[in-house]
Structures are given as structure tokens and as C-alpha cells.
Amino acid sequence: MTTSTRGTRVPAVLVLEDGRSFRGRAYGAVGETFGEAVFSTGMTGYQETLTDPSYHRQVVVMTAPHVGNTGVNDEDHESARIWVSGYVVRDPARTPSNWRSRRSLDEELERQGVVGISGIDTRALTRHLRESGAMRVGVFSGDAVTGDADMLAKVRAQPQMKGADLSAEVATKEPYVVPAIGEKKFTVAAVDLGIKGMTPQRMAERGIEVHVLPATATADDVYAVAPDGVFFSNGPGDPATADHPVAVMRAVLERRTPLFGICFGNQILGRALGFGTYKLKYGHRGINQPVQDRTTGKVEVTAHNHGFAVDAPLDQVSDTPYGRAEVSHVCLNDNVVEGLQLLDQPAFSVQYHPEAAAGPHDAAYLFDRFVSLMEAERA
Amino acid sequence: MPKRTDIQSVLVIGSGPIVIGQAAEFDYSGTQACRVLKSEGLRVILVNSNPATIMTDPEIADATYVEPITPEFVEKIIAKERPDALLPTLGGQTALNTAISMHEQGVLEKYGVELIGANVEAIHKGEDRDLFKGVVEAVRARIGHGESARSVICHSMDDVLAGVETLGGYPVVVRPSFTMGGAGSGFAHDEEELRRIAGQGLTLSPTTEVLLEESILGWKEYELELMRDKHDNVVVVCSIENFDPMGVHTGDSITVAPAMTLTDREYQILRDVGIAIIREVGVDTGGCNIQFAVNPEDGRVIVIEMNPRVSRSSALASKATGFPIAKIAAKLAVGYTLDEIPNDITQETPASFEPTLDYVVVKAPRFAFEKFPSADSTLTTTMKSVGEAMAIGRNFTEALQKALRSLEKKGSQFTFVGDPGDKAELLREAVRPTDGRINAVMQAIRAGATPEEVFDATKIDPWFVDQMFLIKEIADELAAAEKLHPELLAEAKRHGFSDQQIAEIRGLREDVVREVRHALGVRPVYKTVDTCAAEFAAKTPYFYSSYDEETEVARRDKPAVIILGSGPNRIGQGIEFDYSCVHASFALSDAGYETVMVNCNPETVSTDYDTSDRLYFEPLTLEDVLEIVHAEQQAGPLAGVVVQLGGQTPLGLAQALKDNGVPVVGTPPEAIHAAEDRGAFGRVLKEAGLPAPKHGTATTFAEAKEIADEIGYPVLVRPSYVLGGRGMEIVYDEARLETYIAESTEISPTRPVLVDRFLDDAIEIDVDALYDGEELYLGGVMEHIEEAGIHSGDSACALPPITLGGFDVKRLRASTEAIAKGVGVRGLINIQFAMAGDILYVLEANPRASRTVPFTSKATAVPLAKAAARISLGATVAELRAEGLLPARGDGGELPLDAPISVKEAVMPWSRFRDIHGRGVDTVLGPEMRSTGEVMGIDSVFGTAYAKSQAGAYGPLPTKGRAFISVANRDKRSMIFPARELVAHGFELLATSGTAEVLKRNGINATVVRKQSEGEGPGGEKTIVQLIHAGEVDLIVNTPYGTGGRLDGYEIRTAAVARGVPCLTTVQALAAAVQGIDALTHGGVGVRSLQEHAEHLIAARD
């Protein structure tokens, strides 16, 4: 049961699992919500962020103070719905302003039942998460605001993100096809683990017909579409739980089909190759992260949204069941592995988001690299 | 790839004097660059004619040349120093143009100097409109976005008239090529305007080229600051959105960082276009700035222009983000790549990222139209503001209101009381962009305007308009509330309301509001500017206030000194004061204090996070300063607050700070009062037995008349407590006195008008001195070249004084000491004297750092501001002498005979202003200061030093050609000898009939030319104004008969400005110029670094 907050000052409280709390006003829907508290540092692109399935079960704290300024339009969403479980902003817009805007963000949040909070010291919260790490959180507004101990108990009763298997909850249930734009050159089977709309779009722009398959797709399902290449998407949850996609990927690697993975897909490649994955203290979420392509030495400014990372040696080539592998990309801020490639067969992946949306287009060349692999295979 | 090993020495060119469009930001960037290069082990050679800069401090570079920035002088420096490379991108358009011209003349090739940080082709592609259009087309072909406004390039008036047809009619934009700060550009709505603007633009452009463009008035305006390294890594440092839509120069707009009203898709298009442009232009390494217009109706993106160099916007972006663009640009220029350079603020992450902000930055321009009453105050694409204030808040409303109060200008803050006026009238007013349009918008909202009406009138983006409504609604809540409860107060503070605004709304006193607020526990916290929205821990304490929950000010053990800066640059209070504040910070840090800087001017060195131990980027109002003092007292011991170095702004707070229990160090507030209050100061003079011109104070015309009658006309009148001679005037008769009193808004019973006897024909002398309570250190004695009556800030002066003898200096020293002692100075004092006949009059005393401190310090090689800061905190002159901060013996009054002569010349902004009819404003000097900056000429003799000062300020003095002379009757006698000298140097003299007659009688031949009022002669003989415009006059001497713009002189002087012909408006300047011309003709004008001068001086002293 949610009610409108627009134009009113309904009290709201954000409670972290370690007991720290922030008092503000309700934003979007009124009620209560839970998830993992994470912060995102992008200054633009809230509509894309909200609709990114990788944010499933996360309460997103926006570090940019003004959110909602350009309203919500009909073009920029990355999936059919908002996925964040809660939204934390400092200064929500009262009036959206943009020629493409169709409605205000708070209307949209309310319509989709997303509970949020505004007017809190988001910087203090961000610093807290940076120092103490991502953690469980609850947002309570209106009648849901009860005693501190009661709210804290509810937060602590929530499941942890570590160990969560969430892909199936966000992925498509039925396969669908995104047609190539212009002349069709390739067919790609894309395993949807929480895919963003821009990813098949970027492939379609390059003449790829994209068959988006459910997270539960088997290797047979993948090869049923006669793919020139296979793609593993981004998605929410702990990669350590993703045994099924790892198995499917191994099948693809066995057959040496050109392979590309993004984000969760990168972690799955890591696991398929025998590397471990681990949870970062507070993750990378933003659109300003410097990643170096170690094959060229060039630095690209990239969009990130990951709380887990692959544990692979940075400065040596590793032997894997599929030949030699190396870390191709690394984040210059903290030396986290941001990309893997196999040296003896056509497979690579990145931890960040070359499809951008939101974010810079610096890494769009990776889609061209995928095309080149498929071309080389065909030649 | 690490730094290049083939470069051992670099020549850096500064930007010269502060002018509109090229101000202190280049001192900030140049200083950063020089420091970086030096720390990289390179020998840094610097040229900059502006002594009031930190970059020209002898410690910053290895060889510092305070010489004119002209190709001739720079070549002399290159010939002497033989640098390996030249870095031209940090000194604004001046440095870039000089470098290009030296490249084109083959000078760089001749001496084997490599241009780094920019290549000539890229500079041309970025700056030449035609080539740049090609760049934008190429980018569009490649990435499908970005286009130029439709336009035509014109080289003549015929081209221009035909061009309008091509574009489909008026209005059109006129943009001259290769001018600075958009000089000479504007909107033409009809042919008359077009002829005027384009005509002038063709003249101003060094390539006689203007661009006509389709009008995109009212579109949204954005800027991106980008950096690129030699590996083609590109980052966007900052996006900036203009509150004022297209049509107002970005320097004159209220601007906001980051962009507020773009979706990610739109922003990424700007980013893609920006990156493609920097690549296409070929900026190899360094920064550039690109401006965009976005159609609010369909998102169409037009690329307006790019600057392939560090700019005013990049200084703003650096301060707004914490990403030091100039510093990084210097590192990139010597071979580093972005990923090799650490981010100073986090120290752990690299510079190859894009800063993300968790706050909002607002910059507001500061104008000086009150100094140019005849100038048209409409804002156009020509920049007219003289300074700016920046504010940081956690949201737009907070940042905006802080920025507006940082401007320190009556009426700059929103007011919510009284009758707003008529809605329709206010909306009409808001259509025309002016200084303060935002206030008209607020009043229109108060008068009932709807958001749509405001948008229709102004085209200000609806999101910004809504924020204005939000502010107004909070004001309404404040007014309606029964009492000030904590939630409401906190809410108001979160939206930037000052205690003063709340007091006004509630009908309370400001201090009462503050008391209530403190009692309710509503106080600001301080957040850090950290480049990364708290993703990583910041190591640099660069703070701004916010009414949030958690403060980030850390505890400290060392005693702190808070230094209050000078706020936005304005005429009369500019970079000179920032110079002194920065010096204080350095000196006090060396002395073991933790230094805390407070300022709100983004252009300055003081607001570099590197300058002090802590930086608070905050408005300099009593409320904001008190809160910082509180925060710092919570953090650790506080040794004191320094108020006497930042000019009138902090000085004005001294008493109130003291009243609030703040430890103000240095000259106590009572002493400041003793110097500023006429009565108190009169008693000081009387006790010391010193004469002042006869004077009195009045609050009404009747009182003023009585005083004037007694002392006799002409009288000098001015309001008390002002800086820069604001409102000061020489009044010749009673009628003018009456209108002056009636017109003056600054006069009130507590702020009387001062009426002084005006000393005709007196020599004016400025003295800067240090006093510790016991001993006086005379910093320097400056003799003005223009007579008394011209504001000291606008007057040229020489140090050491060129016509004063040892006895005069002794008298000056004794008088200075008596005044310093009588007033109770602890630190710096500046006194202005006038020598009339044999009597030394005291005109005024300012117990603070003066505008001339940097000049005096450089001329005598003694850091006066550093010494002053130390004295403020208890050091004595004797101790400082022992320490070596001051010379062991002697002072600036007794310089050795062969000490170099330094000449300071003021630089005036005449060419920037037009009246509403589009005519230039008059260029006559007067008691009200109007210069924006200054240069210094230094050499062994006066003539050469003067010639250098002129070359630095206005371009070289001519050594031959035609000189036009027309002087007022009172100047005719003193004109004869210099005129004879001009003839002796081979000049042909032109004169109007009266002057020619006097010359003739004295045996000097002059060709009579027609006055403008006489019109063209029957045989087509041109008038003097026509001759000037035709480029047939090389030197103009024109002293004014009066101040009315209707006289002939006005036309002559404005023509001189338009054509860039040297124009001397006093006969004293003529005499000095003749000495300069003499020095130039006899050749051998050399260059010498400040370090060499200092070595010489120190050797001579010992």
C-alpha cells in the first residue's frame, strides 16, 4: 500500500544494519523497503540507473544532490521497469525540464511503488558506506516509521547480498529477438542474466541479430539459434552462486565459439576459467572510472556497476583449461580486474559497461572487437 | 611514459595586466604551471609585465622577467636565456598571440625553441572561425553530432552586408576573429547596428575578419573543459551550464557546475562531440574549453567555439572540481600522460578520470557599471564584468544565494520585503539581460509572475525558474511562520538564506537571528571538495559550508591563523590584495602556523587548495566568517584572524569580528577607525603637527556648500569608507556640488561626504610602510607621474621617486612614522601625500595592505606582505631584519643611487564599454579609479622604464611619425619643451589651431588640423578624428578641458582607443613619454630578470 508524497513532507527514516540512521522525507512511494545500500556517483543518467536490472535488491544512494531534473522520458530506460528496491536522494526536482520528458521522476517512482527518501545528508551516508562497506538497509516512511529498535530488527532480518542468486528474478522468461539494424551480418545468442536494453542495441547497430535467452537457457538452447557468437550479460547477485551460467559458458568455450561477456558475464568467464570472485568493500558504481586497456595502454572513462570482482593475477598470463588467459583491463583507481581475455581462443569479457547508458562511450570499441572475433572465425 | 629528457629549460609567457576578459585566473594557472615545471627540475624562465602576480614572485621561476609581453621583448629574453621550449597556453590570449607571432616571424626557429603544449596548426584550427567550422563539419561527418551555427566569414563591410542576406536577415551575431574575451562582438538587429559592430570588429581583429552568424539567442548554453595527453587519453573535467541562456557572454553569465538540465544521452553527445573536436583540432596535450548551445525545443547541438588553451572557465572548473587543470596541463606538456599523474586530492587515484561532484557550484559575475555611468549596461556577447564570485553548496539554491551574497554589492542578495513593483514592468525589465536581472526575476515572481511568464521573458530554463520559486516559497514560509522554529530555520539555511535575509524578512536584527539560530543548534557543517563524491578519502582540506549533518573538519594541534581574502575582483580591489593574502599564508606557514584561507574568488591563487593548509571557499560576510572561526576554534587553537591584507572587504568586518570575540590580529579595529574617520584622523595629524588640505565633512548640501565656500573651489568630494575612489569627484562650482550631493546614494548621517581642498599642480606621493609599534620600515616611496587629483590607482608612478630629494624622503619618513604611531598600526600602512609648493600635505592613510604592495615589493626586492603578516602576529621589524625577511640595514626609502627605476602604469578598460548609442566611453582620468590592472616597467633609467611600462600596457611608444597635440590652456606652457623634443626626434606635429598657435610662437612648427566640430574642410581636408581612424596618427596628446563627453577631446580619445593609438591625457605623461621615446631611439633597451635586479640591489645595499 503506497500513497503519494508529492507536495507534502512525509517523514522518512533510513536505517542501516549497523544501527546508523538518517531522517528525511519520503520520496516516491510511501511504505517500507529493504536492500543492500550502495552509492552511485554518476551525475547524469538516473533513469538508466533505476531501470538497470543489476540494481535489483539494492537501495541506491545518489551522490549527485539534484535528481529528477530532466524528468522521465519514454526512450532512456534500460528495461521495462525500475529495479532498485529503494532510492535515496538529497534534493529531488519539483519541476522536470527537458523536451523529451513525459512525467516527473517522483510520479514514476510512486507509480512503480518504489519507496525512497530525500533530504538526508547523502554525503555522510556515502562516506559511511565507503568506510564500513556496503550493507543492508531499510527505508521507512509514513506509517512504516516505527521505533528504532523495531526498524533495525527488520533490516537485520533481511538476506545478505553475498550468496544471493538473483539473475533468474530479473531475466526475461521468454526468449526474444532484437533484429539487426541494416544488413544482418551475424547472429548472437545473448544469455540474459539481467541485460540492459542498450547492450543488444549496440550489437544491433553493428549488424548483429541478437537472440536474448532466459538465464535458465542451456547450451543446447544457445546453439539452437546457430550463433556466430555468444554473449553473457550483466546482472545482479553474487557470481559465486551462478553455477548454471558458468556451466553453459564452459560449453561455449569448449566449442570455441566467439564469446563476449559484460559485468556479471565477466565474473562468469572468470569462474569458467577457474578464477575466484570476491565482494568489493563498497563496489564501483558510477560513470567516471578510469580503466586501462592493457593491450594498448590507453585509458578509457567508463560506466561501472559492480559489487563483486574477479580474483585473477594482474601481471602474469594464467594457464586455464581453455589455454592462456590474461587480465586485459584494469581499473586505475584500485587495480581491480576489469577485463579478461583468452589468448588462444576468441573469448573476452569486461567488468564494466561498454554499452554505457548511462555513461561515456569510450569503450564502445569492445563491441567492434566482438564483431572482429566473429569475422575472424568466419574467415 | 615519463617526462621528456630533451627539455631542460622552458619559457612561460604570462598574460600581462589584468583586463576585462583576462584576469587573475592566468596568475593562478601560470603560478601552478611554473611550480610544476620547477619541481620537475626544469629551469623556468617567465615573462609577465604584471607585478601584482604571484607568478612574478622571484621564488616561482628561476628567471623572472617583468618586461612587456611583445614579440620584440620576448625575443630579447629568448636571445639571452636560450630556452629549449616555450609553453604558451597558460597566459591567455596574450601569450598565445605572442607565441604565434614569434613563430610566424621565425624567431622560435631561429633560436631553436620548441613550442610545447600546443602546436601552431591546432591553435589556428581552434581560433580561426573558418577553419573551426571545418573542424565541426569533420566531426559531424564522423560521429553524426554537432554542427556550427550557419554563418558567413567577412573581410569587408560589403561582405558583411551581403552576409546578412545569406543568413536570412536580422538579428545576426558579429564575432571578430582573434580577439580576447569576445571583444568587439555583439548582436545586430538592423543595418545601423551591423555597420557599427562589424566595422569595429573588422578593426579589432588582427586579421580584419569577422564572422556573421545565425542567431541562437535564448538557447541553453554549456561548456565542457577537456584535457588530452599525448597518448590520446581524453577526460572531461567539468561541465558548466549557464543560467543565462545564449546571448550573454559566458564570463558575464551566472554559471552552474555541473550541468543541471541534461539527460545522460544529451550530455554524452556533448562529451562525444567535445572529444572528437579536441582530436580533430589536434590539441596534442593540455586543456581546452568548448562551448555549446542546445536548442531547448529539440536538443539540436551547436558548437560555438573552442579555446585551445587554459582559460577563465578552466580556472573556474579547477576550483569547482578540485582538478587542477593548469598544473596537469604543464605536466602533460613535458611528456607525462594522465594516468601517470596522481590526483592530488585523493593521492591514490590517477588524474585520468572525470571528477564527479556531490555539490553544486555557482559563479556570479561582478560588474563595475557604476564606474562607467555612460556605458550601456545591457549584457551581450562582449564580456563586461570585472570579476566573479564562486560559491559551493549542497544544492543549487544554497550555492546561488551564497554566490549572490559573495558579490558584496548592495542589492545583490534577493530581498523579500517591500513592494516588488508591477509584474508586467518587472517582466519587461527581465527581458534585457543586465547585471542584476536575476533580482528582477525574483521580484517578478514576488509580484505574481508564473513560471511560464518568467520563461517567456527570459528563456531561463524552467528548472532554474522553479528553483527561484522554491527560494521565494521558503521566504514566504519564513514570513508567515509564527516563530522561527528549528525545522524552518534549518530549511531556510539549506536553501542558502543568510541571517541577514532572514532578519529582514522577520523584521529582526541580524545578530538576533544568529543568536536564535545558535540557540536552536542550527549551524553549518563543512564538506570537502574531493573530485570523487566521497568515493575515495580526500587528503586535501578544501571546504565549503552546508547545512547538513556531518562535518569533515579534522582536529589539528598547531595554532591556526585565518586569513580573510578580498572576494571578487572589482575595480579598486583586485589581484594585488590576493597577492598579499597569499604571501601572508606562505610567511605564516613558514613561521609554524597552520594557515586557513577564506575567499570566494575562483580566479585567484589564494583559492588554490595548494596555497594554504586549509581552504574555505566561502562568502566573506560576517555570518560566514563567524561560522568558520567557530569551526576552526572547535578544531584546535586559533592564533588569530588577519583582516588587513584583503583590502576593504575584510577590513570592513574587523570591528564586528572583534565585537563577536574573534581575535583580530595586527592593526586593531580602533586604529582602522582612527585612519578612516575624518575627525579621528584629523586629531592624529594635529598631534603629529602634519598639514592636511583644508577639509570638512557634510551630510547635507547646505553643510557641504558652507565648507566649500570656506576653502574655495575646486574641491574634491567623496563618500567616506569607500575604496577605489568610488564616487570621488573634483567639483568646480556650487551647481555641480548640489547635484553631486543629490545624486550620491552613499551619503547618510553615519556615512558623511568628505569635502577637501583640491590641490592643483601638486605632486602626489604614495608611501607603503611597515610599523611594529616601535620601528618603522619604509617600504617604498612612489612618485606619481600624473598630478594629484587623478586616482592613485589610475596614475603611473615611479619608484624610487624621480624628482624628490633626500630631504623630502626624510620628511616623508618622519610623517609616515608619526601617522603609523598615532593611528596605532601593527603591520602595513599606505599613506598618500601631496607636495604642493614646499608643503607636504597628508591626503589619506590606509592602515592595510595597499594596491601598491606587490609593486613596491618587486621594485625593492623585499616581501612587504610577508613581513606585515609576521608583524600582525607579534614579530618586530628588528626580528625580521635579523631573520633576513627584511634587509639587515636601510629600507625602501634609501635605495642606492644605481638602484633600478620601476614604473607602474595603470591599464584602463575603455575599449570594453559603449554607451547605449554604441559610442565609446571617454578615457579621461579622474579621481575615481577605473583601471582594471597594471604593468611594471623596470630598467636602470626612468625613460626606458617608462617606455617599457607603456609597451606593456598599451603597446610600444612610437619613435617616429605624426604626433597630434591638443591641450587645455593650463597645460600649454608645460607642453612646449616636450613638443620641441618630439620634433627633435623627427616627429611631425599636428595640432588644432589654438595649440598650433602657441607652438608657432615658441618656434615649433605644427600642421593645423581640423577639429571634429569644424567638420571636413572644403578641399576634403580630414578632421583629426578622421585622421586617427585612417591610421595617419601615431601618437596623441590630448588633455581634457572638462569632463563632459560632448567636447572634441572625447571624440579624439575614443577614436584613439578604437584604433589602439597611444593617447596621453596629461602633460606629465607626455614629458615621461618623451624620455621614453628618447631611450628607445638611442637603442640598447635590454632585459634583465628580477633575480638579477635583486642581486644587484642587495650587493649595493651591503
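Numbers run from 1 along the shown chain.
Just so it is clear, glycine is given a Cβ too, placed from its N, Cα and C backbone atoms.
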Same-site ATP 2 binder from B:E706, B:E775, B:E844, given that TrEMBL records B:R718, B:R757, B:L759, B:E764, B:G789, B:I790, B:H791, B:S792, B:Q832: B:E844
C-alpha spacing of B:E844 (Mn(2+) 3 binding site) relative to B:Q832 (ATP 2 binding site), in angstrom: 5
Rounded Cα-Cα span from B:R718 (ATP 2 binding site) to B:Q291 (Mg(2+) 1 binding site), Å: 43
Same-chain residues at least 6 apart in sequence whose Cβ lies under 8 Å from B:E844 (Mn(2+) 3 binding site): B:A675, B:F681, B:I831, B:Q832
Packing count at B:N307 (Mg(2+) 2 binding site) (other Cβ atoms within 10 Å of its Cβ): 23
Three-class DSSP secondary structure - B:L759 (ATP 2 binding site): coil
B:N307 (Mg(2+) 2 binding site) versus binding-site residues B:L759, B:G789, B:H791 - nearest by Cα: B:H791
Neighbour tally for B:H791 (ATP 2 binding site), based on other Cβ positions within 10 Å of its Cβ: 22
Pairwise Cα distance for B:G789 (ATP 2 binding site)/B:E305 (Mg(2+) 1 binding site) [Å, integer]: 44
Other CB atoms, at most 10 A from the CB of B:L759 (ATP 2 binding site): 21
Structural state census, the domain 'MGS-like' (B:955-1100) (DSSP three-state): 72 helix, 19 strand, 55 coil
Distance from B:R718 (ATP 2 binding site) back to B:E305 (Mg(2+) 1 binding site), taken between C-alpha atoms, in Å: 44
